[in-house]
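*Asks:* Not my notes, these are from TrEMBL:
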BINDING   31, 56, 83, 106  S-adenosyl-L-methionine binding site
BINDING   110, 142, 179, 180, 181, 182  substrate binding site
Ligand SMILES: C[S@@+](CC[C@H](N)C(=O)[O-])C[C@H]1O[C@@H](n2cnc3c(N)ncnc32)[C@H](O)[C@@H]1O
């Protein structure tokens, strides 16, 4: 099975059988918008017991991740080069994911562009549907306004619960390696906000 899926024909695809694709049964974790793939490759290397799916629209980033997977001989990652909402909707079964990572999503800082932000109530409902009970959603951003926006919409999503306690940001977990955008933000003196929510079992 190829590591990379093409972006075509997604409408006609049934949810993927990831056990067959990876050739084993293992927890499934998705990273949306992995950029150059550095953090995803590191996580895959640190957690060989986990099957990872990367979703990224930017083809050069996909190529960079493919190279890293080859160089590091990592076999526990598959990649979709396509829009994350399309992939979650059509290719990923409900209640199948152990976790979703979204590190430094495009912040769309101008008010008139806020509607382009990936994290909104519809996106969170879709994501909550795909998570298993107890599965996690981990977002991080260096853009305070987006962090507060994410906190607001996440706190309003009935099926997700803040691991840190209501309206609290989480400490940065040790397993989250620095990303390219995070390093860029650090150079500019930006702060970083981590939000970790879990799929509630009772809803
Ligand atoms: C600001 S960059 C952050 C990249 C990386 N996570 C990092 O921290 O270095 C946001 C990434 O999300 C990708 N992206 C934006 N919208 C997306 C979508 N709907 N589906 C998949 N990837 C998306 C972009 O192509 C870009 O690589």
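Don't overthink the numbers, they just go from 1 along the chain as shown.
Note: Cβ is positioned from N, Cα and C throughout, glycine not excepted.
Whatever TrEMBL says is automated annotation, not expert-curated.
Values in this document were obtained by computation on a predicted structure and should not be read as measured data.
How about a rundown of where these features are and what they're close to?
*Replies:* Secondary structure at residue 83 (S-adenosyl-L-methionine binding site), taken from DSSP and collapsed to helix, strand or coil, is coil.
There are 21 other Cβ atoms within 10 Å of the Cβ belonging to residue 142 (substrate binding site).
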*Asks:* Please give me the CB contact count at 10 A for residue 56 (S-adenosyl-L-methionine binding site), counting all chains in the structure.
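*Replies:* Excluding its own Cβ, residue 56 (S-adenosyl-L-methionine binding site) sees 24 Cβ atoms within 10 Å.
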*Asks:* Report, in whole Å, the straight Cα-to-Cα distance of residue 56 (S-adenosyl-L-methionine binding site) from residue 182 (substrate binding site).
*Replies:* 17
*Asks:* Do me a favour and check the Cα-Cα span between residue 142 (substrate binding site) and residue 83 (S-adenosyl-L-methionine binding site); whole Å is fine.
*Replies:* 22
*Asks:* Neighbours of the S-adenosyl-L-methionine site 31, 56, 83, 106: Cβ within 8 Å of the Cβ centroid, same chain, sequence order.
*Replies:* 32, 33, 34, 35, 55, 57, 58, 84, 105, 118
*Asks:* Around residue 181 (substrate binding site), which residues of its chain at least 6 apart sit with Cβ under 8 Å of its Cβ?
*Replies:* 35, 103, 104, 142
